[in-house]
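Per Swiss-Prot, NAD(+) binding site is recorded for Asp32, Ala33, Glu34, Tyr35, Asp36, Ser81, Leu82, Glu113, Arg136, Glu173, Lys290, Lys314. As annotated by Swiss-Prot, active site, N6-AMP-lysine intermediate applies to Lys115, with the evidence given as sequence analysis. Swiss-Prot lists Cys408, Cys411, Cys426, Cys432 with the feature Zn(2+) binding site, giving sequence analysis as the kind of evidence. The feature domain 'BRCT' is assigned by Swiss-Prot to 593-671.
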Amino acid sequence: MEPIEQQLTELRTTLRHHEYLYHVMDAPEIPDAEYDRLMRELRELEAQRPDLITPDSPTQRVGAAPLTAFNQIRHEVPMLSLDNVFDEESFLAFNKRVQDRLKSTENVIWCCELKLDGLAVSILYENGVLVSAATRGDGTTGEDITSNVRTIRAIPLKLHGDNIPARLEVRGEVFLPQAGFEKINEDARRTGGKVFANPRNAAAGSLRQLDPRITAKRPLTFFCYGVGILEGGELPDTHLGRLLQFKAWGLPVSDRVTLCDSPQAVLDFYRNVEKDRPTLGFDIDGVVIKVNSLALQEQLGFVARAPRWAVAFKFPAQEQMTFVRDVEFQVGRTGAITPVARLEPVQVAGVLVSNATLHNADEIERLGLRIGDKVVIRRAGDVIPQVVNVVLSERPEETRPIVFPTHCPVCGSDVERVEGEAVTRCTGGLICGAQRKESLKHFVSRRAMDVDGMGDKIIDQLVEREYVHTPADLFRLTAGKLTGLDRMGPKSAQNVVNALEKAKATTFARFLYALGIREVGEATAAGLAAYFGTLEALQAATIDELQKVPDVGIVVATHVFNFFAEESNRDVIGQLLAEGVHWPAPVVINVQEIDSPFAGKTVVLTGSLSQMSRDDAKARLVALGAKVAGSVSKKTDLVIAGEAAGSKLAKAQELGINVIDEAEMIRLLGA
């Protein structure tokens, strides 16, 4: 090794050591000036020998070029959300559910943490080196923020210590301390820049900067709280043990993590944290309570998109009184019509509130609300303002009733409210302007029609300029019209036109999924396509006939039936076919003639597959006579469980359904 290589290695090791002491142990040994001197020395040596610069060098936190947009990263292990409780009674009920499910009379050991009010992120280390980072996004897919996360000094670019797994995905919260937030806003007011409403918004805005040099100037920090991918190594078998191991490897962990051996101890922890909340120096909105034992976590499993072994115990929201001046009705991307109260502006939890959600017609009836009423406003979870109750004793004489619309306030289509649901929805579907942008984005997405290069910003411009009203209009676009869009040159425009032409050749299942019918995901679309075979047969199906499809119940059947009953939707489908959208003729599969262990079986896939994509697995299973369903029920014959299988696996085990792993599936596919 050359002398300069030895110097570089020693300097990097020394700087990483002091970063660990400062950010993780909160026990710096040297003054900032000495740290800066060491960093300057390292930069000077690397300038002499740029060929010796390594990606994990402390000098390489900032250096990536500004991005034009964030790429998407699909989470190999989904980032689930947590269920919430808001009072002691609800927590005690949660504790009892856990004990009942474990069939135990002994107290559960809980690991309690602060619920940080920041941005959830996933950070992947390979052989101890940070290789990628992503936002939570929708839990399945997030944005690639690797360059920005590298600028956060609390996050090590390289882990130190022994027995570091080959692949380790650390999950945690990026947040902004109160002092840093105040400094950012102070600078913004002085320079005429953007002033943030709260530290969470500032943290999110800082982390989503396209230019990492801007992120580097923001005093963001990080605490880790969990793990996603774990390959080529082992971790302790308790949650606290894992956090302590992370800390030993150089990752920051909150010093308020506490083990509680009884429900009362958890409540004491909650009250103490609530009391200390104003002095923490950063925002939290509750505490997170997790079963400490990993074995018990696995036994408890998951439900929907949340674990059964953890809960967020939120702090009470702050409340104020004000008057409802009007009620307007907004239409969301799925057609949900939401009443919104326009309020006399009032400060709630440090934020000026002028609007509050009323959720739905049932909520208005429950509140007994009228326009002009004096109401109590709460910022639920410290974020979303809502009306808690009407102050009936101070009701003015001039109040008037709230009339829920019978037609969509945007497109005029009829509204529907399915039995058993609280939400009223517009039936306009593909022609409703309020739903148009999101419907089109879904239509062109990778798992739907898969139009390469047709990003969200292009869709936004096409709708705003009224170039596109329905999905069929996309296939009428010309390169000349696209060239007029922002950042769209002739070559890019022609590429999009070519991609649209290519997308016309699809499958019946993809086409159904692309239509965006409520509750019809990929698995349901595939089931409908396989059962009915043709669009004509599906359009003519009754609600009873639709329910014969595996995994389709009354709710889904009603949504499908109503979608095809709407004349405007049928018109758009006709236009799409006229523009050349097509798919192969159905292949009739006689299950009795197929010699396969999957023939005639209803199969559910869960977890991540490593040997093939989920789409490929579905296609091969269907080709061998299987019916692939999206959820586990008593009708399910077989569950194929990949890595990080969750609630579907747990339900299959409860019902005694046969479960195999990916390796066994591949063996049977070749049988």
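Positions of Cβ are set from backbone N, Cα and C atoms, glycine also.
For the domain 'BRCT' (593-671), the number of residues in each DSSP class (helix H, G, I; strand E, B; coil) is 28 helix, 18 strand, 33 coil. Same-chain neighbours of the Zn(2+) site beyond Cys408, Cys411, Cys426, Cys432, judged by a C-beta within 8 angstroms of the site's C-beta center, are, in sequence order, Val331, Gly335, Pro409, Val410, Gly412, Ser413, Val415, Thr427, Gly428, Gly429, Ile431, Gly433, Ala434, Gln435. Distance noted between the C-alpha atoms of Lys290 (NAD(+) binding site) and the residue listed as 'active site, N6-AMP-lysine intermediate' is 12 Å. With respect to Cys411 (Zn(2+) binding site), the closest of these recorded positions in Cα terms is Leu82, chosen from Glu34, Asp36, Leu82, Lys115. Spatially close to Lys115 (active site, N6-AMP-lysine intermediate) yet at least six residues away along the chain are Ile284, Asp285, Gly286, Val287, Val288, Ala312, Phe313, Lys314, judged by Cβ distances under 8 angstroms. Distance from the CA of Cys426 (Zn(2+) binding site) to the CA of Asp36 (NAD(+) binding site) is 60 Å. Cys411 (Zn(2+) binding site) has a Cβ environment of 19 other Cβ atoms inside 10 Å. Of all the binding-site residues listed here (Leu82, Cys408, Cys426, Cys432), it is Leu82 whose C-beta has the fewest other C-beta atoms within 10 angstroms. For Cys432 (Zn(2+) binding site) paired with Leu82 (NAD(+) binding site), the C-alpha to C-alpha distance reads 33 Å. Mean pLDDT across the domain 'BRCT' (593-671) comes to 81 in this model.
Here the C-alpha separation of Leu82 (NAD(+) binding site) and Cys426 (Zn(2+) binding site) works out to 30 Å. Between Arg136 (NAD(+) binding site) and Cys426 (Zn(2+) binding site), the C-alpha separation comes to 30 Å. Cys408 (Zn(2+) binding site) sits 66 Å from Glu34 (NAD(+) binding site), taking the Cα positions as reference. Under the DSSP three-state reduction, Glu34 (NAD(+) binding site) is assigned to helix. Reduced to three states, the DSSP call for Cys408 (Zn(2+) binding site) is coil. Sequence-distant neighbours of Glu34 (NAD(+) binding site): no residue of the same chain at least 6 apart has a C-beta under 8 Å from its C-beta. DSSP gives Lys290 (NAD(+) binding site) a strand state.
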